[in-house]
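The domain 'E3 UFM1-protein ligase 1-like' feature in TrEMBL is assigned to 69-186. Residues annotated as domain 'E3 UFM1-protein ligase-like C-terminal' in TrEMBL: 201-306. What TrEMBL records for 284-326 is region 'Disordered'. The compositional bias 'Basic and acidic residues' annotation in TrEMBL covers 290-315. If you look up TrEMBL, you'll see 316-326 marked as compositional bias 'Acidic residues'.
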Amino acid sequence: MAKLSPDELFSELRRTIASDDSFPLESLRAELEEEFESAVNKLYRECVAEEFKRVEVGEQQELRGIYEQKRSKISELYTDICLFEKGTEIFGENESLSADLRAFLLRSLCTELANSLLLALADPFSQQSPQQQNFSQKVREQFIANLESKEAQKLAKGLFDNFDSFEHFHEAVQRLADCGGIKLRQPDKRERSDRQHKIEAELRSQLALCSDPPTFLLLAVLLTLKMFFGVTVHASGKFVQPLIIFISSRTNKIAVPSLPSELNELLTDTQRLVVACIRKRRSNESGRGGAEEEKQLATKMGKLRELFDRPTAAEEEKEEEEETNQ
């Protein structure tokens, strides 16, 4: 059977329509419009459905990413808490300092972890952090009430009621995390070592960029404890003086081979100058004396920066060992 090309077909159609007044032109047009509209609508629905599917998958991946990021931060914070808790053991001879540091850790990072865990379980896909949320008692109770199960609500309430000791805190936070499918556990030896190295690197970086003398001094003290005593400590500015006293007394009792001989004096002098400058600023005193003290303080801070930039004895020994093995 002979086939007409599209051009021939349309030419024949035009000729037939022109020669035959009875040809149902309007009927044909309506039929073609109906078929065309049906085909276009079908194609449109398919395109829209595919786009919705693509957007839905993308949103699900984004939400899953938000939740996984929360879980990762919670796990990392719990590791830090375990390290900082362990770090307080070095102050065993000074029970008051050890107890104060542990209480500060419970009030600060442990509370932050509890709030983060509650927010992750009550509103898994929220991009807000506990710091952005005003975690008043009322807000916390609302989040607890939003938890899916009565068991989770009971565990959450128990967590916030058990900030009296680390033993109770660890038990309560792990049980609530397990209820929400988040595994929290004490870090092993390798995880502790890796995280301690990261904390030291973070302290070094912060110290190098810090220009605020009180904050700089705190960072220098924490870095001293990590680099030369092997412990990570979580502390605020109010702990600077007792920590410097500890460093000084400890090095006098027990030789610390890698500790630079001038470090104790630098920390003590820097603390004295920081306190003096703060007092003068608060009393609005000015003059040559104040300017001289600020100049001395800048000099001490510069020397501390240089000291912490040097490789420690252990680092030099490691580098020599690596060079020997090459």
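Here the Cβ of each residue, glycine as well, is placed from N, Cα and C on the backbone.
Just so you know, TrEMBL annotations are computer predictions that nobody has curated.
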Integer average pLDDT (0 to 100) for the domain 'E3 UFM1-protein ligase-like C-terminal' (201-306): 89
DSSP residue counts for the domain 'E3 UFM1-protein ligase-like C-terminal' (201-306), split into helix, strand and coil: 82 helix, 0 strand, 24 coil
Helix, strand and coil counts within the domain 'E3 UFM1-protein ligase 1-like' (69-186) (DSSP): 85 helix, 0 strand, 33 coil
